[in-house]
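Trainee: The following block contains the structure, expressed as structure tokens.
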Amino acid sequence: MSKTTNNLDLLTSIARERILILDGAMGTMIQKCQLDEAEYRGEQYKNWHCDVKGNNDLLSITQPDIIRNIHREYLAAGADIIETNTFNATSISMSDYDMQDESRQINLSAAKLAREAADEYSAKTPDKPRFVAGVIGPTSRTASISPDVNDPGKRNVHFDELVEAYKESTHALIEGKVDIILVETIFDTLNAKAAVYAVEEVFEELGIILPVMISGTITDASGRTLSGQTSEAFYYSMRHVNPFSVGLNCALGPDLLRQYVAEIARIAQCNVSAHPNAGLPNEFGEYDMEAEELSEHLKEWGQSGLVNILGGCCGSTPEHIRQVAQAVSGLPPRQIPDIEVKMRLSGLEPFVH
């Protein structure tokens, strides 16, 4: 039996027993370091021809100790799964810094850092194995929405371009020994379809299968993704890949996100994940929800049987994750429901017949 199969079986077994804990925000922790341009560049890119401050993914190469220590903080807080620092590491997103050719190395370096930290904590707590989720973000472009209100047919990226970028990232993440592929913060379902298509192609090329987590984003109180789907329709769009989990993250705090997580939990034939923001940003762009309040919300989600995997997104810290882990400790995970066999199609709305 391959290591990849073993990990899938182990994850599945643990998810049946308890709620798995995902880590919290990487960007929030990086911001606390208040790094300047020179620190972002490091020695490796000190002569780069354009500014790179804000390119958090690059820090896996230029400031590895910072990224490694953030992973360690989340693991010490009780995270079962840590995410690689690769949210914007595709070649498409890296092109914003003219670093598209650095994408593979950034993904590989980030995966190795997370793997090292996870293995360190697995050795410390053999009864609580730790896992690495290789993060594939939405990219900075959208395949189904025009960037120009005066030209509805215009696109700044196409499906095949997305597939190639996602394949490069996936290959590098797997080379760096991730356990899971996490396609997260999905605002455009067509981008996500390109991502999972790319991931499945890489699996076929390498002759392996890793668990795939899929996490969408409800952009506002409309209850829809940016490309217009309800959370139920979004699930139907993605269920063909037999994901390990489907869920929601970012954009909203736990109070506003709950109803949309519940909508997925009602019908999903897989695990359900959620990592909400620590509330909504204030006028200074900061998140005010304290760890205790977030954990109270997520404890109620666990008590209501909504989730199998819980973590935090923007504004969350190791303290948030520590209190969430403590709050849901001992609570049973969501049970996958038996639903009536029907034709279930997805447009902007679900069609069930």
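Count begins at 1; order follows the chain as displayed.
Note that Cβ sites are derived from N, Cα and C of the backbone, with glycine treated the same way.
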Trainee: According to TrEMBL, Cys313, Cys314 bind Zn(2+); which of Cys50, Cys250 is also listed for that site?
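Mentor: Of the residues offered, the record points to Cys250.
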Trainee: Once Cys250, Cys313, Cys314 are set aside, which residues in the chain still have Cβ within 8 Å of the Cβ centroid of the Zn(2+) site?
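Mentor: Surrounding the site, in chain order, are Ala25, Thr185, Asn249, Ala251, His275, Pro276, Asn277, Gly312, Gly315, Ser316.
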Trainee: Using all protein chains in view, find how many other C-beta atoms are within 10 Å of the C-beta of Cys250 (Zn(2+) binding site).
Mentor: 21
Trainee: Would you identify which of the binding-site residues Cys313, Cys314 has the most other C-beta atoms lying within 10 angstroms of its C-beta?
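Mentor: It comes out as Cys313.
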Trainee: Can you give me the average pLDDT across the domain 'Hcy-binding' (8-328), rounded to a whole number?
Mentor: 96
